[in-house]
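If you look up Swiss-Prot, you'll see 8-15, 21-22, R60, 87-90, K98, 114-115, 183-184 marked as substrate binding site, on the strength of sequence analysis. Positions annotated as active site, tele-phosphohistidine intermediate by Swiss-Prot, on the basis of sequence analysis: H9. The feature active site, proton donor/acceptor is assigned by Swiss-Prot to E87, with sequence analysis given as support. Taken from Swiss-Prot, the feature site 'Transition state stabilizer' applies to H182.
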Amino acid sequence: MIKLVLIRHGQSLWNLENRFTGWTDVDLSENGLSEAREAGAILKKNGYTFDVAYTSVLKRAIRTLWIVLHEMNLAWVPVHKSWKLNERHYGALQGLNKDETAQKYGEEQVHIWRRSIDVRPPALTEDDPRYEMNDPRYKTLKKGEFPLTECLVDTEKRVLAYWHSEIAPKLKDGNKVIISSHGNTIRSLVKYLDNLSSDGVVSLNIPTSIPLVYELDENLRPIRHYYLSMDGEVPEGEIPKHITF
């Protein structure tokens, strides 16, 4: 049996401020730092270890992974970073307060932008200061590859390309893998692994910094999955609450 651990980054400063974040490189809040330490402690107490780790090129996911591995005394584990594991790009919504955006465009429209799988928010323009094509972390991207906005289908496409080329082969070789990423990135992976319908993924929420374990067969098909707490596996349908750590 193969085990894969997925973890969404701890609470970010813009999660705290209820802003659309996307590819904006926002750091963890103090609460997010605590959540990451707690996740590491949970994994350590439950006897987990890792051979290789994957994350995005955004600091909230990178720092969460660093803290988790530090808490587990696994700081030496190789870490691979890729923009393909970045959060969904929210286009011109990035940086905007979600409640204020709902007041401007209507709650129904904002809900469609956030939760539908194939509707993109308004795009950035290339002269927008939030357009980060020239950021050195994206130097390998061609101009047409850098998104100006994304729907979940767009996010899923790049995430699964990286899954099939980089992560799945490591799992099949017997490596113990952890992925520290973002809400919509993990939603994309869960949709693929569990073969969820479009309706099924709309209601799927991924909590911050709670380890989600997938037990997979030799073909990487899910046997079962569950969240972890200090007391071990959490019953299906339940999500453990964070403790102060």
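Any Cβ shown, glycine's included, is placed from N, Cα and C.
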- Per residue, counting other C-beta atoms within 10 angstroms of the C-beta, which of the binding-site residues G22, G183 reaches the highest number? G22
- Once DSSP output is merged into helix, strand and coil, G183 (substrate binding site) belongs to helix
- Task: List which of the recorded positions R8, H9, W14, E87, K98 have their Cα within 10 Å of the Cα of H182 (site 'Transition state stabilizer'), in sequence order.
- Result: R8, H9, E87
- To the nearest whole angstrom, state the Cα distance for the pair R88 (substrate binding site) and the residue listed as 'active site, tele-phosphohistidine intermediate'. 14
- Looking only at C-alpha atoms, tell me how far G22 (substrate binding site) is from E87 (active site, proton donor/acceptor), rounded to the nearest Å. 5
- Note on the structure: Whole-number Å distance separating the Cα atoms of the residue listed as 'active site, tele-phosphohistidine intermediate' and G183 (substrate binding site) is 8
- For R8 (substrate binding site), the nonlocal same-chain Cβ neighbours (under 8 Å, six or more residues apart) come out as S181, H182, G183, I186, I206, P207, T208, S209, I210
